[in-house]
């Protein structure tokens, strides 16, 4: 109709709407095409705000496709237009987009700076919804850095704003974020409560994607508690919704969750099948980070089966993708996994090298949980080399970090490592006493 009556601005708006629809369905090429057409129309009729809006949306799509240079370019052009026409809300929206871009690249300080600047603009212009959205983004950022108190604080502040303005979807999104924070801290009862409340809101407002996201979160909670039947049920229900609404990325994410459930039950063939199916979806929609994550998971399957060369091959391929897309946290995670493989193979120098490189990355990006995981790995290497003082130091530091952000499972791992070291030392003392008795010499292999 808009085309027939010559209403170009209306056509551009419709194209932007279609772009958003395709974006939500992970149909990125179609989204890009729609936004690009909208931009051409807006530029031709001199509608600067429409041009900037389309550029901003293109930035979001490019970011999802890990085309970071194109995303940054789109955001920068949009920012210039918004600044020229004095559109502060648009400028804040661009800063949010840049924050997401930096977050994906593990540039946490830059992400926080962008979000904070956007927050100031939204506050100055009384854009309450924008403020709350930024607080949610900050919550996600802090969670990824294992700064759980700050994450919870950001989410709670956002929750207050959403409640004040009557934004039910925002409230549900916050509850889902709080559920993720609680799950990471092994507070499973609180996580389940938050997810359940979010689920009720999503169902009430008819947000199917939100319902599926919550079901996936509940699946993770159940999996972490070894409630595998319940986990499978939640993941399957989420999968059905994602399939019905055409959300391919969601389907792939669920397949990864199911793969984890199968692996924890030693059902390696089913785990590999789920991960491979997820890999095919991620490849088809151009989701490089998802592909790399799956390669890591497939590496875990082969490592579990003691097929260390195959595991290393998958980890190395994942590493190449993470390096190409600039995902520092992913690179560090892979280095940790490679360190585990080398440690198991008694390649202690290679293990130490991998762990140390991972440690440098985690320290630079401020990822405490990753640092603690590396310290546990180094503790194991030192223990195998009979460097007990260094092993104790590594495990102790790891335990302190885990305790600081409430990771109970990590604390248990570190404490078990310390227990094993003290057991080794006691065994060494007993062996020396035994060896010192006349005619009771032990073989050299058990001497310290």
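Cβ atoms here come from the backbone N, Cα and C positions, even for glycine.
Remember, TrEMBL labels are computer predictions, not curated facts.
Annotation comment: TrEMBL describes 12-45 (among others) as repeat 'TPR'. Within the chain carrying the repeat 'TPR' (12-45), a Cβ under 8 angstroms from the stretch's Cβ atoms is held by residues 2, 51, 53-55, 57-58, 60-62, 64-65, 209, 245-249, 285-287, all 6 or more beyond its ends.
Long-range neighbours of the repeat 'TPR' (132-165) within the same chain, counting only residues 6 or more positions beyond its ends whose Cβ lies under 8 Å from a Cβ of the stretch, are 92, 96, 99-100, 103, 108, 111-112, 115, 118-119, 122, 171, 173-175, 177-178, 180-181, 184-185, 329, 365-369, 405-407. What TrEMBL lists as repeat 'TPR' is 132-165 (among others).
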Write out how many residues of the repeat 'TPR' (132-165) are helix, how many strand and how many coil, based on DSSP. 31 helix, 0 strand, 3 coil
